[in-house]
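A short worksheet on the structure shown next.
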Amino acid sequence: MKRHLAFLAFAGACLAARDSGCPRVCPSPGPSDPVCASDGVIYPSVCEMKKRTCGRGVRTAAEGSGLCVRANDSECDHRCGKERDPACGTDGHTYLNPCLLRVQTCRTGVQFSHMGPCNNISAHRENCPVNCDMAPKDGPVCGSDGNVYMNSCLMKKLTCGQGVVKTSKKNCQTTRHCRESCWRNAKPTCGSDGIVYSNSCRMKSKNCGKHVFEVPMAYCLSQERTSGQKDEACPTSCPEEQGVVCGSDGNVYSSECEMNLLNCGSHAKRKVVRVDFEKCKNRVNKCAKIKCDDVTEEVCGSDAKTYQSSCHLQVASCMRGVQLAHLGRCVELLKHEECPDSCDDAETSPTCGSDGNVYRSECDLKRLTCGQRVVPVPLRNCPTTAGCGLECPDHRNYVCGSDNRFYRNECQMKRDNCGKHVFVVPIKRCLVGFQFQGCSKICPTLYDPICASDNKTYSNDCFLELENCRSRSLLTVVHPGKCGQPVKPNNNYLY
């Protein structure tokens, strides 16, 4: 009997653990979501990994662990689904989704180039529209450069010669939630456009392609809509107070004013009042365990406050449920936004906006997003500016860019094309008309084998360079050491 009870207790504990850590439904994975797990299998996302390996203790593999790398004896097993979300590889092939491309990375070293289908026509030969006034209104459109455009015609016009293609809406920041199915739960949310939505999901799906984010309810409510309460009952700003208070909702606020600001108006389910701080001690102790570095990477919270970093926002989320509104500093919501009429004289300098788009200058950012409260954020947060100003290694791992130019390595290609959609394409694109120098070279006898992209082993780097010169090719190093594993035929791509 005791053994039976012990088994039931153990089973109950297992079920509890399963329910708490194993998701039943996962959102659609994005371009950077495929993960290598500690079981050596590639999954579409962390969520899918947890769902499919529930209770088995599988975790994401540490970087450099050697798992999911064919050169280190992995079979490159995967659990990729059949979701159609085309991704382009550096081999010029279009893969069904990023997960299957990640499998090919494991097998042959092919890397991710960009989301969307590969455009194997030279970007310089693109047919670019001149006028889009009569173009179909098929927008907003998410481009493979990570930017959102009003329609396909404008995308081709503004990115002429860069090979930008249309991709799934989920791959751009302001279109990610366009087709999202929202639950009918009523949790009124105030948008930065001054409109009250039934919940934050509705707010995002209704504003497809726009930079609308959550702000305190006080900004959406006029004094007439707060049932005739006094002005003090619905503040829109609070002085820098340090009088931390405990609310009857169990949250910890930096002041009583903040408590009223975040729980203001008739949309609040119940009135939140100040209670004895003893009731919030457990919450404070729990949140105190979050330790933040002294790094400054400002983010804006849904309480309209600017936090030093996402870690500091995490503390606020723990204390009072604050969510991320957008990257960068918060703007004054009640202040009228000044928008320039022209940016012809503005200095051109690629600028990454908090809406995920890249603009020609900070002036253009303000002009084109007038009224949406978009702010400049660090360049690393946008796809085409992430490589700007990078310190690149000097090693030679030549790549061919989509602009038909050779680069010493991929890092250099991205750095030299700050703000542009230039990506790696098959080496043969750059070999047309390439002039090779004489191949007179004596290589040392040092045996330091490397495996090249032709799946052959060379005694050292010098012999590989010599082969490149003689055969007029541009082979690259796949991994150090001998080529051991046979390469499986690539049948993962669409075309």
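Including glycine, each Cβ sits where the backbone N, Cα and C put it.
Heads up, TrEMBL stuff is auto-annotated, nobody curated it.
What you see is a predicted model, and the numbers here were worked out from it, not measured in a lab.
Per-residue pLDDT, averaged over the domain 'Kazal-like' (16-69), rounds to 80. What TrEMBL lists as domain 'Kazal-like' is 16-69 (among others).
What TrEMBL records for 70-120 (among others) is domain 'Kazal-like'.
Secondary structure by DSSP for the domain 'Kazal-like' (122-174): 15 helix, 7 strand, 31 coil. Here TrEMBL flags 122-174 (among others) as domain 'Kazal-like'.
Residues or ranges marked as domain 'Kazal-like' by TrEMBL: 228-280 (among others).
Broken down by DSSP into helix, strand and coil, the domain 'Kazal-like' (281-332) contains 18 helix, 9 strand, 25 coil. Taken from TrEMBL, the feature domain 'Kazal-like' applies to 281-332 (among others).
The domain 'Kazal-like' annotation in TrEMBL covers 333-382 (among others).
Marked as domain 'Kazal-like' by TrEMBL: 383-432 (among others).
As annotated by TrEMBL, domain 'Kazal-like' applies to 433-485 (among others).
Taken from TrEMBL, the feature signal peptide covers 1-16.
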